[in-house]
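The following features are taken from Swiss-Prot:
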DOMAIN    4-169  domain 'EngA-type G 1'
BINDING   10-17, 57-61, 120-123  GTP 1 binding site
DOMAIN    178-353  domain 'EngA-type G 2'
BINDING   184-191, 231-235, 296-299  GTP 2 binding site
DOMAIN    354-439  domain 'KH-like'
Amino acid sequence: MTLPSIAIIGRPNVGKSTLVNRLCQSNDAIVFDKPGVTRDRTYQNASWAGREFQVVDTGGLVFEDDSEFLPEIRTQVFLALEEASLALFVVDGNQGVTDGDLSIAKWLRNSACKTIVAVNKCESTSLGVSLASEFWKLGLGEPYPVSAIHGSGTGDLLDLVIDGFPKDLNVEDKEDKIMMSIIGRPNVGKSSLLNAICGEKRAIVSDISGTTTDSIDTLIKKDSHLWKIVDTAGIRRKKNVKYGTEFFGINRAFKSIDRSDVCVLVIDAIDGVTDQDQKLAGRIEEQGRACVIVVNKWDLVEKNNSTIYQVEKELRSKLYFLHWSKMIFISALTGQRVQNIFEHALSAVTQHRRRVTTSVVNEVLKEALGWKSPPTKRSGKQGRLYYGTQVKNQPPTFTLFVNDPKLFGITYRRYIEKQIRLNLGFEGSPIILLWRGKQQRDLEKETSKKNINIIQKD
């Protein structure tokens with residue numbers, strides 16, 4: 001079952017995204033004093049008077065101009081209206097009625113979707129009524145003055161929105177969502193991949209770098225699992241990013257990585273792994289996210305029977321810190337292997353959430369010690385690994401208790417991680433090993449005993 005939705009529609013720069021943030025009580029929609037900041041339609045959840053619904057932010061609608069992305073933006077607005085339960089037509093009270101407003105109003109009058117006119121930038125309540133009265137001429141009923149910046153009038157507006165929803169529309173069941181972020185440099189095919197996954201033109205696609213300026217959320221049901229898929233803005237080198245739309249979009253993309261259950265890192269099969277790809281991979285590993293590496297544009301590569309193995313070896317040598325990730329080769333354009341992404345992403349999320357009993361962990365460690373003893377230093381002191389336990393998941397984290405962490409070099413630590421993976425799996429997920437010395441362990445035990453004594457005395 002789906003939530004009712006309202007489509008926010010209007011000319012460029014009338015304050016649609018600011019109003020979206022006000023209605024949703026968030027800062028998720030990018031707000032910047034420049035037309036064309038919002039291009040694709042973006043979704044946010046909101047609630048009012050105990051009723052939950054979705055707010056769909058759209059790009060500035062212009063009918064008389066076909067330059068840049070305006071035709072594609074129109075398509076996105078049309079799709080938003082098509083699926084909406086109600087349209088909120090936002091106009092600028094300070095500018096008054098414009099030819100652009102009249103064109104949009106004519107189009108909305110021909111739509112079957114109910115429309116409410118919100119006259120924005122009415123910061124003064126008394127003046128707002130006067131400013132709003134001019135918009136009766138749009139022929140869409142009573143215009144309502146609001147201030148997206150200060151919030152005045154938005155409560156009354158939300159009451160109208162709730163009353164305007166169809167009474168028989170079901171409210172969405174509470175269901176856990178798996179959040180999957182599509183991450184990558186500009187123009188590697190992230191939006192094409194989103195469209196291929198959804199089976200519709202969910203995002204604007206072009207050869208121009210930076211077409212996607214914000215993170216686009218899409219809900220999709222796949223094999224009894226509900227996925228929230230986020231297409232993020234392409235992330236370039238910091239020195240090439242100017243303050244403005246791209247800056248905010250990239251910050252949003254980084255936040256998406258941090259909040260994701262699983263990241264899909266998209267690599268261009270033609271360009272291979274760049275420095276920026278490595279930095280993105282490092283961010284994913286640093287944040288402890290599950291990951292699937294997707295090599296896009298595979299249809300453009302000339303290949304023989306060994307090409308895929310050679311290319312994978314080369315890519316993995318540069319993405320060595322994601323050695324645990326599954327790598328698949330796809331074509332977003334033709335749809336080749338696109339649906340396999342869900343299978344690998346679900347497996348990665350499952351491994352990311354896994355917990356293993358202490359007894360099983362120690363069986364693996366015992367076997368690992370049998371194959372290869374801890375190193376002995378020149379001083380003659382040898383490392384001793386007493387036992388280990390999993391202390392958390394997402395990502396799976398293990399504490400290993402030893403006599404002295406300094407006696408375990410990087411080579412042996414990698415060996416232990418390899419043995420844990422070999423015996424316990426965790427493909428698609430990072431794992432963290434915390435090495436704790438005897439002194440630290442004894443200190444923790446002593447602290448624990450003191451706490452027990454304090455409790456007993458009380």
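Including glycine, each Cβ sits where the backbone N, Cα and C put it.
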Residue among binding-site residues G184, N187, K190, W298 with Cα closest to the Cα of T58 (GTP 1 binding site): K190
From G184, N187, W298: binding-site residues whose CA lies within 10 A of K16 (GTP 1 binding site): none
Collapsed DSSP category at G10 (GTP 1 binding site): strand
Segment-level pLDDT (mean, integer) for the domain 'KH-like' (354-439): 93
C122 (GTP 1 binding site) - helix vs strand vs coil (DSSP): coil
DSSP three-state assignment for W298 (GTP 2 binding site): helix
